[in-house]
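Only one structure is covered here, and it is reproduced in the block below.
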Amino acid sequence: MSEDRQSRSGDGNKILYCSFCGKSQREVRKLIAGPSVFICDECVELCNDIIREELEEKSQSARSSLPKPKEILEVLDQYVIGQQRAKRTLAVAVYNHYKRIESRHKNDDIELAKSNILLVGPTGSGKTLLAETLARLLNVPFTIADATTLTEAGYVGEDVENIIQKLLHKCDYDVEKAQHGIVYIDEIDKISRKSENPSITRDVSGEGVQQALLKLIEGTVASVPPQGGRKHPQQEFLQVDTKNILFICGGAFAGLDKVIQQRCNEVGGIGFGVKVKSSESKRDVGKVLAGVEPEDLIKFGLIPEFVGRLPVVATLDELDESALVKILTEPKNAITKQFKKLFEMENVELEFRQDALSAVARKALKRKTGARGLRTIVELVLLDTMYELPSQEGISKVVVDESVIENKSEPYLIYQTMPAKVASGE
């Protein structure tokens, strides 16, 4: 390092020594000089070995903490009712995505491609909940973006890079954490182009947004202002590499089933040879969507390049009355469990009769809101009771049946039995 690590040979030349192991330049193959320090090739090799071992340990630790597809499915089952096909697809896709990130630390000739996910299913079928549950299970940053608010850069609206800014905000601007997060882009079907043919005029909220999202989804280095500041030329930007961010896009894709049926020659046509299908033989929308092909999505209005960036497609079924009743009662954070907990805090028991649950499910089906509308229905029914309850005494139980859900009667209030002495006035 200093002069004491240098000496002179018999011929008067200085002999240099490695600042780390102390070997002279004559004992090693190569001595690399730095600002007032030297390091030999043997120490460089040793440092490389240490770093390699640490990376391997980190990789093994990540691999052991990464839940397997069956374990992912078990957790999803606790929060999302039904949708087994979609849950299995997601479990495998997410597991493979994070395995792919691990493999990047290894010196491997084969580079695994990124597999982003497209969720296709009716409103309120559980698309957002699936993405949220996955992020919570994997303990990674998660954000939701609405595709309908996005526009091309330079137009009024949100730039696609704002999505990454939201993700950074969720993890206190820790770039390393954000680069392994999950982004859910909702209403992706709303940015489909208006016709199959490429548009001559500018479509800033449709095809233009798809084009803008391409690089972000595939993997690019996005420049994001720190701490949510606005962009200006003199500002330093945070550089976020999106190649390891998992993008999940979701949409209802209303009318996609007709596109699929048309391709399968099940609907339409002119002439005597055409089979006329009655309304009774109409196929279930969920089963039709399960047969979706990339060409159907392109015909619907997604550009081919965008479809290519979403190789994993999971379809969700429309929820029926039975599924909605299960959603009300079975998940870990089921709506009825949440309201029971609220009433429990007032030392009151809340009971939902079976006919009440069925009535709530029927109402949600009628409104075509899926599982999303269940909470609103229950909230409205119990609103007056929750308003009065904290001010009333002696209530031990509240009962809700079908007539209450159908607004034919108020929730039934059951009072505690008063002791005989109190009742007689003694």
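Positions of Cβ are set from backbone N, Cα and C atoms, glycine also.
Source: prediction; values computed, not measured.
Look at Swiss-Prot and you will find CYS18, CYS21, CYS40, CYS43 tagged as Zn(2+) binding site. What Swiss-Prot records for PRO122, THR123, GLY124, SER125, GLY126, LYS127, THR128, LEU129 is ATP binding site, and it gives sequence analysis as the kind of evidence. Swiss-Prot lists 6-59 with the feature domain 'ClpX-type ZB', giving sequence analysis as the kind of evidence.
Sequence features annotated in Swiss-Prot and their locations in the structure.
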| residue | record | Cβ within 10 Å |
| --- | --- | --- |
| CYS18 | Zn(2+) binding site | 23 |
| CYS21 | Zn(2+) binding site | 13 |
| CYS40 | Zn(2+) binding site | 24 |
| CYS43 | Zn(2+) binding site | 18 |
| PRO122 | ATP binding site | 21 |
| THR123 | ATP binding site | 15 |
| GLY124 | ATP binding site | 23 |
| SER125 | ATP binding site | 27 |
| GLY126 | ATP binding site | 29 |
| LEU129 | ATP binding site | 20 |
Top Cα neighbour of GLY126 (ATP binding site) in the set of binding-site residues CYS18, CYS21, CYS40, CYS43: CYS43
For LYS127 (ATP binding site), nearby residues of its own chain (Cβ under 8 Å, 6 or more apart in sequence): LEU119, GLY121, ASP186, GLY250, LEU316
Shell of the Zn(2+) site beyond CYS18, CYS21, CYS40, CYS43, same chain only (C-beta within 8 angstroms of their C-beta centre): SER19, PHE20, GLY22, LYS23, VAL28, LEU31, PHE38, ILE39, ASP41, GLU42, VAL44
Integer Å distance between the CA atoms belonging to CYS43 (Zn(2+) binding site) and SER125 (ATP binding site): 59
THR128 (ATP binding site) CB neighbourhood, other CB atoms within 10 A: 16
Residue pair CYS40 (Zn(2+) binding site), THR128 (ATP binding site) - Cα distance, angstrom, rounded: 55
Rounded inter-Cα distance in Å - PRO122 (ATP binding site), CYS18 (Zn(2+) binding site): 68
Conformational class of LYS127 (ATP binding site) under the three-state DSSP mapping: helix
Rounded Cα-Cα span from CYS18 (Zn(2+) binding site) to LEU129 (ATP binding site), Å: 58
Residues within 8 Å of the PRO122, THR123, GLY124, SER125, GLY126, LYS127, THR128, LEU129 Cβ centre (excluding the ATP site residues themselves): GLY121, GLY250, LEU316, GLY370, ALA371, ARG372
Cα distance (Å, whole number) from THR123 (ATP binding site) to CYS18 (Zn(2+) binding site): 68
Proximal residue to CYS21 (Zn(2+) binding site) among binding-site residues THR123, GLY124, THR128 (C-alpha distance): THR128
Spatial separation of CYS43 (Zn(2+) binding site) from THR123 (ATP binding site) - C-alpha basis, Å: 61
Coarse DSSP state, helix versus strand versus coil, of CYS40 (Zn(2+) binding site): strand
Pairwise CA distance, CYS43 (Zn(2+) binding site) versus THR128 (ATP binding site), rounded so that it is a whole Å: 52
